[in-house]
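Quick look at what TrEMBL annotates:
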DOMAIN    A:19-442  domain 'DUF112'
TRANSMEM  A:20-48  transmembrane segment
TRANSMEM  A:60-81  transmembrane segment
TRANSMEM  A:111-131  transmembrane segment
TRANSMEM  A:138-159  transmembrane segment
TRANSMEM  A:171-191  transmembrane segment
TRANSMEM  A:203-224  transmembrane segment
TRANSMEM  A:262-283  transmembrane segment
TRANSMEM  A:325-346  transmembrane segment
TRANSMEM  A:358-378  transmembrane segment
TRANSMEM  A:398-431  transmembrane segment
TRANSMEM  A:468-490  transmembrane segment
Amino acid sequence: MLMEYLLAGLGQLFTFENILLMSIGVVIGLFVGAMPGLTVTLGVALVLPFTFGLDSLSGIILLTGVYCAGTYAGAITAILINTPGTPSSVTTAWDGYPLTNQGQASGALRIALYSSVIGGLISGIFLMLFAPPQIAKIALQFGPPEMFTLTFLGLTVIARVSGTSPPIKGLISAAFGLLFASVGIDLVSGVSRFNFGMNFLNAGLNIIPACIGLFAIAEVFYQIERRRKIFIQDMPDHSDTPSNVSWKDLFKHKLLLLKSSIIGVGVGAIPGTGGSVASFIAYDEAKRTSKKPELFGKGSYEGIIASESSNNGITGGSLIPTFTLGIPGTSSAAIFLGALMIHGLTPGPDLFRFQGELIYTVFIGFFIINIIMLFLGFFASKWAINILKIPNSILYPVILAFCIIGGYAIIGTLTGVGVSLFFGVIGYLMLKNGYPPAPMVIALILGPKVEESLRQSLILSSGDISIFFTRPISVLFIIIVVLTTVLPLIRGKKLLNFFRKRK
Amino acid sequence: MYLNSRKYIPSISTALIGLAIFILVPFQIDLSMVNGNNVSGVDARTLPYFLSSLIVLLSVVEIINIKRKERVEEYKKMSKTQYMNIFRVCLTFIAIVLWIVLVPYLGFIIAMIILLVSVMLLMGNRSWLQIILVPLLTSFLLNYVFTTFLGRTLPTGIFF
């Protein structure tokens, strides 16, 4: 069955149209990833409306291209100008920029690209082999209590997706997200909630206009306030010797490469942990086990390998819970989830039962995208600096135009633009006051599932909450909730100390 | 006094919004139409009540946390430039609202050109070539891609 799917998938992907779409996705991803201030999430949200006119496969591989390439591209500016394009490239800058100062920018860029591609490919293997059969089969046995404890697990993640913000602010953001998710007709009783007399709110708030507002319009407002004209005026003048770094040099560190990629996959598969956590852990681990730890922070190739392979290992890892359980691993994955639903696909075990061929084709596409990224990444490292010279007064108005058309296209009425603008204002105020938007997005997605499964469970047990403690899978999730809440606190403290030392 | 109290504004605001939602629940969620007994003990109002209370509680905790750290942080008075920058954000917001109002009359292309020109000017762009070319290219290109390639309908106004 698997082989049939794979062969059919290969046939579907190797068409001119799909190769072109994957390449376009990679180019857009390289652009948004390389621009400090533009995030991968923003890129995926803005490209999503362009998938409406495409079939499901073409739309999803286009988004996958943006996601994978955007995750890598942060390394380019991290290495060249010490400005990470994405938060997960911070550790790449620690060693990449010193290498640039030593005239080895080309070598650093090449090793970052190779490591990212290998990290992405390894995560693709995990995504293909481990996600569907095991997790999806278990998910088939889920009733409302299991679904509640699972979605509750997704919600406990929320404090951890707060980034540098205090966990309390993450929880407040999530609580508002759950409240926004409750807008519309209550599915259990049929009662309308918080519609304020506006009929369009009875259908609930659509997740995609909300994401466009929270991540893109908010960023436009923020940049208008900052009034920075351009990211860089001129490229810093560093003498650069042509790179003689090859695959051989990379494979000298094959164990480090494998270990860091697996760290990326593992961390990515735990909802809410994110790329920056994976790269910090992998960097820390690489330094601990290196024969030359003194080089870390002064221009170590090992540091770049660990950071970039773990960073791209996240991409496949975060899609595992998204596809199999419908729980987004990162904010980008949350938009992926929205994209799947827009294209009529229901994430979870049914996705593999009824859309197996499509999903396996997407998985193969994941590999091809990483290979395309290898070729286009070479060009990107040369022109990335030039895109930083685009004036903000051109870039952000154009992004705003994409936001508005995206908000409109999702519903086909101006209410979508209104919802995007509403969330844009909220996102801007949150950004200004240190409230992270990612917990709000995850809560918006999980909210209806949490409430529905909780109420169905309590109806089944006539209000007795012991139903959650008497079913094995439900108990397992409760144990995981406790473990995943306590362990990161310990590990986080260690990482925080490590990060403070770096500062 | 003003500078010290400014840092409490976000948390006080979230607490007040939480409180407002709590008060709004019975007005916005009408249970009088629901038939039958509620055996589960959880109804359509339970989660909103719980969440609004949680927001108030967490905001109060955050206020206490800020109070504890009070000595460490110093708040500077906002400069005139900062006020102007926030004013520009407000103008951008108004420009988008006007776009929503005007697009049924002007159509997507003209309304988008006007919006983009306004935002570019607000962001300090004074190159007339850019101010003409960027909005024109963006509006026509987006209109073409969405209507021709993606088969979506965009708003048309009086002109086209």
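Any Cβ shown, glycine's included, is placed from N, Cα and C.
Within the same chain, the transmembrane segment (A:358-378) packs against the transmembrane segment (A:111-131): three or more Cβ pairs sit under 8 Å, each pair at least 6 residues apart. Among the recorded stretches A:111-131, A:203-224, A:325-346, A:398-431, the one sharing the largest number of Cβ pairs closer than 8 Å with the transmembrane segment (A:171-191) is A:203-224.
Only sequence-distant pairs (6 or more apart) were considered; of these, at least three Cβ pairs between the transmembrane segment (A:20-48) and the transmembrane segment (A:398-431) are under 8 A, so the stretches are in contact.
Between the transmembrane segment (A:111-131) and the transmembrane segment (A:203-224) there are fewer than 3 Cβ pairs closer than 8 Å, counting only pairs 6 or more residues apart in sequence, which means the two stretches are not in contact. With a cut-off of 8 Å on Cβ pairs spaced 6 or more residues apart, the transmembrane segment (A:60-81) and the transmembrane segment (A:325-346) reach 3 or more such pairs and are scored as touching. Long-range contacts of the transmembrane segment (A:325-346) within the same chain: residues 40-41, 44-45, 48, 51-52, 56, 59-60, 63, 67, 70, 135, 139, 150-151, 153-154, 161, 207-208, 211, 215, 268-275, 314, 317-319, 355, 358, 410, 437-438, 441-442, 445-446, 449, each at least 6 residues beyond the stretch ends and with a Cβ under 8 Å from a Cβ of the stretch. In the predicted structure, the domain 'DUF112' (A:19-442) carries a mean pLDDT of 84.
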